[in-house]
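Asker: Sharing a structure below in structure tokens format, with a few things to ask.
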């Protein structure tokens, strides 16, 4: 089904309303055996299925708040994720209907708003900036339209007093938990969705903040006619009264689907007395849990409730059911997406002290300290001086390549936000990769200059401007390679611990096979591929060619009794290096940069594809 794309408008255009219904919806938890059943070929014994939700029939209507409640493990979040399209329809039996038609999950994700239980926000952006960037990515009409929408939304969310405050989170102090929760809701409301799905909106909030959030949703229902579905564990009396419809789950089965008043009637009809100071839902969860345990074979006999006058499977449909429209496309062009994302990347970089100030100070200090240690090594001749110079080149590469892995936590934090935004159709994966690449170009060039300027002249490398500029170019390419390498594996690994382990192991392997410890001829044939994949090999050779090639080829490196035993050009021949490799190696390094970025794009695209399908 292609959904109508008419959006609410303050100018009086009638809104398209959506009624969501599930019919016999079931979802089983795949076992490890099922994942690898292809290994066992014909031996495929039937194994009992573990249902997360089983034969769920429920309904959410426009102009109502529908709350999915139940004890922990009842399947609340799973049901909400199925409605939001986060769980593939191929893994689910039964139907999810929107206005009586099978839902197109990809279109529905773009038209609806889905707020996860965890607040995935950039901690260093202000509340207004967070909502503004979301509006720029989700709305058409440019900055003016986005600014108007954000202004209205901030007032609706009651965030005027913290609009200029940073969101914060973790070790970064920012706004309160209730305010952060409202910002998360606001991020999904910027495109004014008619359907809003929220997982545990009151989780971690005090009673006043929780009531504020639910009251805000109730106002949207009353004035804007939205369809709101949320999960909740055990709400208080005041919050419970704001719900229009309640879906009560127990062990994945629907125990009640209807109004709160009728749930109370059915409890009384079952000769059960609700104790004082306990609300209806809290008591129903306790009683229902015990009944299901006692009658596990027929979990839906007790309290399978529907409101008076409703027929099973009845559906309130909109008169727009027969509307057929195209699934909404991206709001911005590729160039516009790159500019918006680039602006957001820049703000995050300049406000991240660990990534910006520390990297600048680190580059300067490393340049001066290394320069003072290896100062004027070239004034001496002999094997020791040559080995010292080679050691300086090797240590420089180790420092430059290893320090860029510090950005791994930031990449992983951004990935969670990236997955949420792309799954809702905010922008293209390619735009994200291109913006991320271009933003780091000037930043890493600055780091390269801050390191190179002191170290190059203190160590006493070839005192020519062309040699200095080439050295800067190589250092810049090394930083870009490391940055692309880290970005690639941050897209691949599941967490920080595995990411640091894999990156550290590969960096050590690259250094081992670079040619510094073992020459290419001494590396076993079955390991020679690591020599050519090494990120150390090509910049190391560039340093040698820049220092001992060209006009410096006639320089004497070793002498005995006034006679030169080893010229620079002879040393390069011993290393099997040619002058032409000075530029071909740069081309290979550029291929590494682009290759890792393309690989990063493919990994992220596959992640997004799996999320969408």
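Cβ from N, Cα, C; glycine included.
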Asker: Give the range, chosen from 433-456, 529-552, 553-576, that TrEMBL lists as transmembrane segment.
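Answerer: Comparing 433-456, 529-552, 553-576 with TrEMBL, transmembrane segment matches 433-456.
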Asker: Do you know which of 336-355, 356-375 TrEMBL annotates as transmembrane segment?
Answerer: 356-375
Asker: May I ask which of the stretches 468-489, 496-518, 586-606 has the most CB pairs under 8 A with the transmembrane segment (390-412)?
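Answerer: The stretch I would name here is 468-489.
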Asker: Mean pLDDT for the domain 'ABC transporter' (20-276), rounded to an integer?
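Answerer: Its mean pLDDT is 82.
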Asker: What stretch of 356-375, 496-518, 586-606 shows the most Cβ pairs under 8 Å to the transmembrane segment (433-456)?
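Answerer: Checked against 356-375, 496-518, 586-606; highest Cβ contact count belongs to 356-375.
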Asker: With Cβ-Cβ distances below 8 Å as the criterion, list the same-chain residues six or more beyond the ends of the transmembrane segment (468-489) that contact it, or say none.
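Answerer: Apart from its flanks, the transmembrane segment (468-489) reaches 396-397, 400-405, 407-408, 411, 436-437, 440-441, 444-445, 447-449, 451-452, 456, 461, 499, 502-503, 506, 535, 539, 542-543, 546, 582, 586, 589-590, 592-594, 596-597, 599-600, 603.
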Asker: Near the transmembrane segment (496-518), which same-chain residues lie under 8 Å Cβ to Cβ, leaving out any that are not at least 6 residues past its ends?
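Answerer: Contacts with the transmembrane segment (496-518): 390, 394, 397-398, 401-402, 405, 408-409, 412, 485-486, 489-490, 527, 530-531, 533-537, 540-541, 575.
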Asker: The transmembrane segment (586-606): which same-chain residues, six or more beyond its ends, come within Cβ distance under 8 Å?
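Answerer: Counting only partners 6 or more residues beyond its ends, the transmembrane segment (586-606) has Cβ contacts under 8 Å with 415, 418, 429-430, 432-433, 437, 473-474, 477-478, 480-481, 484-485, 487-488, 491-492, 535, 538-539, 542.
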